[in-house]
Ligand SMILES: Cc1cc2nc3c(=O)[nH]c(=O)nc-3n(C[C@H](O)[C@H](O)[C@H](O)COP(=O)(O)O)c2cc1C
């Protein structure tokens, strides 16, 4: 792609997308480090590396089941390491908080599966351990299997999941603020550790939850972890506009769609009485540094394609393997999972794009932004795209078949170029994730 000419001025934020699962299983080379991924060592190295590159945060996605979304069996998931094994990312970020000092650490937990008290206490604890660097990616879960592991007969429909999520966040917020500022006095002379007059029951009784409170954990440095969310449907956008401080969006549809999403969210925020300044909108994008060749598709092996299809089948809640890969996905397919992802595959189908190509577009980046290429081109195009969209940054994903060399290409080659262009930070001005996220 020829370089576009952009006027660049604004700094933007960077996050790195990861998963507490075997790294680079599908990479063609460099597989050795995957063997003891569960020890946290691989992610500790990654976290230090991401911190050296001055990213705002390292983000961990999560799901809670072994998928049977391929012909009713777990075989495809397990053989291809699609959604299992995957360990708990909240435990991982506790560990990572001890091996980093400035990097924000965001992990995912589901409002459909967790009880709010457990979650509020857990994140309060992690925020303390990390000295204020914790974030919570609020998801409602989109896989049937997760629901079966937590007592549901079926995953509740999306609207119901968001209803529960609204009440959940309201309860969690009340718990996090159930200790007033100054409640902990530690007055040895009077024999008072915590002033009982400043700690309050919340006595919440709602449709989904009954919680007395207060929280029994120590008020953490940020009080409330940074609340992140990634809902693309109208209901998801409303939820995010009302609650989130960080929205993780996609780059699907290119710059026009990214700008439209940002405007839409800002409009919704105003409806809920919030200023657009109270939320950062960051776009998750695959980035792949190559020595010039931009033809990633020809490097995708059958096993990688199965993996891409399988992951998306589980997210969407449809067995994609039953459809013709070389035809557009039929219009009448319905699902109970990630509806916005299904919609974008159908949108592509309407333009004559086959299921195979749609999945490759989503997994490798359809490169409308120019994020496959040399480090120079990628840095230039990321900065240009951000200037055209208006903010607030990118969450960088190594592509499906990325190995350590590719990760290093991003952190050691693309990021320094962004820093030299003056659009990425070269140091941390704040101590907490929230301070850094809202520093500019
Ligand atoms: C960058 C990004 C990260 C996401 N991470 C997760 C995740 O870790 N776990 C999960 O269940 N869903 C995840 N999702 C899905 C969203 O949380 C959301 O459930 C999904 O988009 C469905 O909601 P919607 O139909 O409103 O879009 C992610 C989505 C995006 C764009």
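FYI, residue positions are counted from 1 along the chain as it appears here.
Each Cβ is built from the backbone N, Cα and C atoms, and glycine gets one as well.
Of all the Cβ atoms in the protein chains shown, 23 others lie within 10 Å of the Cβ of residue 108 (FMN binding site). Under the heading FMN binding site, TrEMBL lists 62, 108, 162, 233.
Residues or ranges marked as domain 'Luciferase-like' by TrEMBL: 30-390.
Residues or ranges marked as signal peptide by TrEMBL: 1-27.
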Other C-beta atoms that fall within 10 angstroms of the C-beta of residue 233 (FMN binding site) = 17
Note = Row residue 62 (FMN binding site), column other C-beta within 10 angstroms, all chains, value 22
Inquiry  = Neighbour count, 10 Å Cβ-Cβ cut-off, for residue 162 (FMN binding site): what number do you get?
reply    = 20
